[in-house]
């Protein structure tokens, strides 16, 4: 299986927002997590990979395939679940999946029926397959979105914030499905939920303000912080003071008390407790101090 | 709070570009509003800026712009739902009153601003530099303001109320889009109401109301009075205002500040099933997506079906279709003719009605659903998912195109079903499914398909539903406009020309070939548009036009590129082929070229107008017709005589100015030199070596042929056709200047500095008193013609049929007159059925039988007995009352409906398929117009053919008014006075209607020029009144004397000129008692109101 290689991708919107700045990524088969805060450029990057938007410069290759010059070739092997999407309210989920299957070149009627039914089972919509999409709840709609992305056994699956609106049960179900698919497919998963990446992805990148701030194996990335991370419970009023004195990467409340995480090459002093790094800390350190 | 909402609405709207766009649109439209609304309508003496004209234009523009009102007023509440703002807004402590009233008032004020464009625009329109000041009153602001306040404002208020309420309650964008159209449809439905008062009351735009309210107004009133604020106008306005208020009130009570409407709760909540099965572990079945051509065809079919079904599921679509059928239900009941009698619901008439009524709906469907179908993914935000699929853009766009075509086809099939149903309900069982099919799928379907190509292209080009719709509409308007302004070639005017009228006799005739070639040419262009659309179609987030084009081009793919190039090559070659046919094999003249040619003709040749020319006294012709090639060959000669006092040295021969007609071998029985100075006008001067002395005769031989080549794309050439050839001797060479080639339009004449054209010469014009027709080249002639035509057609002309034979598959007919006739005879040929009878006219001698024949198209048997009886009774009455009938035969021959008239020539009456033959006459309620028109034409065998009138003022009174009188008398003999009075009622209506439209001061009947409403309609009223006053016998006695004095032939006491109304009126005066002399003066020589009692 070929890797997806992104080289030097840049995109500046008309309003001057630099959505992507010289992004270079190598994405192999398996689950690839794309982390970043709101507005970091994740969706722009994913839309660009999904051929829905053109970059100002840079190149995206899937194996020998240049995505920009042969977008339709990519679309043949692409599954894409956008962050936001709608449906025809008057159609049933089965009809719409059928329609999209035709668009994806699944012309053989039996093949189409089989895959549509299998997917309906997978995303647990089989029972409601005749129901109008207009009557679907947000979660059900999201599950339809997942199903449609898998219609054509994609080689490249791009899912943008896929678990938004799913309850924990459905979320697990979906992640199981994804990791199953990730065994043979490149799966790019964007999210701002750090745990998702940790649980699922073999590789990841963090994007902020259009730049890749770090990429690699989640474990290795976490490793880079190990031994340098400290924690302390402080008074809320002292927070500003701490932020000045230390490299505070996160401040949050824990049982009503103010908790800060601090990165430091040396032990920052008394009352600080050395802790195991987790991915969230990495994320926070990259976003706020990177 | 109310003020806050009001202010917000105002601010929001003022920031939106479409507010200004709509204003500008209305403004610009209104600048040419009067021209647009009154296009093709002669306003007569009514000025273009009179309050009534302004009010009607404003009313019509308002009606057409209701969609704008809907777009502004329908969305204020809906918008909150659309952008998911409701939860944020409704949760606040706002009152329903403030919310709704604020939104309504704010939008309404903005709407008033937009519609004020109509007011300003129309005022500016008055000052356009090319306006003719004679058509305008001095500027008066009140003439604009009052109609605006009184006609436009209440309409806008009503519309706003309905749209606002409907938008707020339905919360459906499609409702907003369609309701402006629906109200227009409502208006159309009111047009179908036959009760005038109700129609006027219920007209939402007050157009019929204005007509009704000002029906009795004179021209002076129309130019001076403001729109009445009373009577029917007041009722109409009150009705709609009250209705508007009621709708608002209902909307107010029904509306709740709720985020979720009731419906949502009612839906079945079947989503509780959440059994976690172990299906997860199963692997997904593998699929093999395919993208070869066959797969793409399958995709095309699947998607076409998918998109059509999705339109068929839309409520709005069914609303449009429902409206369409309601209108048809209301309107198609009336298949009235211009004579006030219904026709049989023949298939072609039904189709024409259905097409005419449904075309607006087709256009609505086309414009709206091309927008809907192109952006349906974007509208529901499915576009990203859709665009990430590998479907070829061309397949995608084409399937949407085909889906629209499928929709049209479905609607057309249901229209056909409706037509058949209508025929059945009316007891008409002659179903012609092929005619139905072609009437829709050959005539209408290509037109719609081509505009759909364009609509899809504009949608893709603009990348925006609304702009795409506007661009499509603008394109259609511009396309019509440039056709009017001279870009009339079928290869340049998008879509080409319409197919010529269908005729039962001739089908689509030779017009079909040109039509199909031109349509193929444009369809290829359409395919190129479709390819461009597929390149330009927005994919994903790209919106910039150039970017879309560039990236679209790179993705086009070799097969599609090749296909595009092939289409382009075919487009060019077929265009070339059409051009070769229309412009190389045939001559193509633009309107401007024709106009200047006519002007040049007049300037060069007017000098010869009264140049003495010999007169035809004998004609012998051999005519070979080749209907299947639309050709003929004529060989023969004229015998000419010099009736002037001077010797004639120059013979001026005018060939018919038409391409493919050749005049050859013109020779005289003496030497003649040819002078080709004016050959540009096909006008040849033959200088005789030896002048023609007064009284001497001269023989002129000639040959003429018509040999059409290729085809023309302007539906011309209705004279010689496959079945139903009909032309007269004007086709053959004539002598001297031909006034018929002069420019008629006074504006055009002014442009070429030509003097205004006299409609008719004065009654004492000595030059025209000796002419019975303009530029007449004969004072009576004998005629002998041998016509041959292709079997099984029958060929006819004037004269007795002396022999007929068949040779080499051709039918030959030898006709010869037994006396002199006026030089006016037809050549007719078609495949006919014949109804024969004979009669001995009671005024002729006892053994003189007249053969009566009606040559008709098979299937047109309905009124033959009526026509035959009319011929018999007419011959009887006229021969008894006026003079004996002059021929041994009288023939009525049907000709195709390209022209709709009947005409009397010596012994033969060509009668159009369009009139009489298919009238469905109900003797209870109708006037038997088949009988009447026949009687009128038979009367011309006397008025016009026995007695000719001088070509001066009043000529048409002698020819037409006397024919009307004669026909009325025969009609009365058959049906009684009651029916004649019914007939007169229609004449009075027609006369009054035309009088208002006439731009000319009315002339007395005795001096009538070419005003049909005077010599036909008023003439009938006047003559009826005259015979009431002085008695039928006296009138007939006078006419008999008149005939005696002025009979054209064998009449030694006739002066060497033709009769005028002066002599006719003298004849009336002779027989009238002293007491009625004033009546004659009033009726015939003055312009007095008539028929009011």
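Just so you know, the numbers here start at 1 and follow the chain as drawn.
Glycine too: its Cβ is placed from the backbone N, Cα and C atoms.
Per TrEMBL, transmembrane segment is recorded for B:20-38 (among others).
Remote same-chain residues near the transmembrane segment (B:58-78) are listed as 9, 13, 18-19, 22, 25-26, 29-30, 33, 37, 100, 103-104, 106-108, 110-111, 114-115, 118-119, 122, 147-148, 151-152, 155-156, 159-160, 163-164, 166-168, 170-173, 175-177, 179-181, 183-184, 187, 204-207, 210, 255 (criterion: CB distance under 8 Å, separation of at least six residues from the stretch ends). The feature transmembrane segment is assigned by TrEMBL to B:58-78 (among others).
According to TrEMBL, the feature transmembrane segment maps to B:99-124 (among others). Same-chain residues lying 6+ beyond the ends of the transmembrane segment (B:99-124) with a Cβ under 8 Å from its Cβ atoms: 1-10, 12-14, 19, 22-31, 33-34, 54, 57-58, 61-62, 65, 68-69, 72-73, 76-77, 89, 139, 141, 144-145, 148, 152-153, 156-157, 160, 164, 168, 248, 251-252, 255, 257.
Marked as transmembrane segment by TrEMBL: B:144-166 (among others). Only residues 6 or more beyond the boundaries of the transmembrane segment (B:144-166), in the same chain, are considered here, and those with a CB under 8 A from a CB of the stretch are 49, 51, 54-55, 58-59, 62-63, 66, 69-70, 73-74, 76-77, 103-104, 107-108, 111-112, 115, 118-119, 122-123, 175-176, 179-180, 183, 204-206, 210, 226-227, 229, 233, 237, 240-241, 243-245, 247-248, 250-252.
As annotated by TrEMBL, transmembrane segment applies to B:173-193 (among others).
The transmembrane segment annotation in TrEMBL covers B:238-259 (among others).
Among the features that TrEMBL reports, transmembrane segment is placed at B:317-337 (among others).
The transmembrane segment feature in TrEMBL is assigned to B:357-375 (among others). Panel annotation: around the transmembrane segment (B:357-375), residues 177-178, 181, 188, 307, 310-311, 314, 316-317, 320-321, 323-324, 327-328, 331-332, 400, 403-404, 407-408, 411, 415, 444, 448, 451-452, 455-456, 459-460, 465-466, 468-469, 472-473, 476, 537 of the same chain, lying at least six beyond its termini, place a Cβ under 8 Å from a Cβ of the stretch.
Non-local neighbours of the transmembrane segment (B:401-422) in the same chain are 300, 303-308, 311-312, 317, 321, 324-325, 328, 332, 345, 347, 350-351, 354, 358, 361-362, 365-366, 369-370, 373, 431, 433, 436-437, 440-441, 444-445, 448-449, 452-453, 456, 530; each lies 6+ residues outside the stretch with a CB under 8 Å from one of its CB atoms. The annotation transmembrane segment is assigned in TrEMBL to B:401-422 (among others).
What TrEMBL lists as transmembrane segment is B:470-494 (among others).
The feature transmembrane segment is assigned by TrEMBL to B:514-538 (among others).
Listed as Cβ neighbours of the transmembrane segment (B:559-580) (distance under 8 Å, sequence separation of 6 or more from its ends, same chain) are residues 293, 392, 394, 490-491, 514, 517-518, 520-521, 524-525, 527-528, 531, 534, 710, 713. Among the features that TrEMBL reports, transmembrane segment is placed at B:559-580 (among others).
Annotated domain 'Peptidase M1 membrane alanine aminopeptidase' per TrEMBL: B:868-1050, in sequence order.
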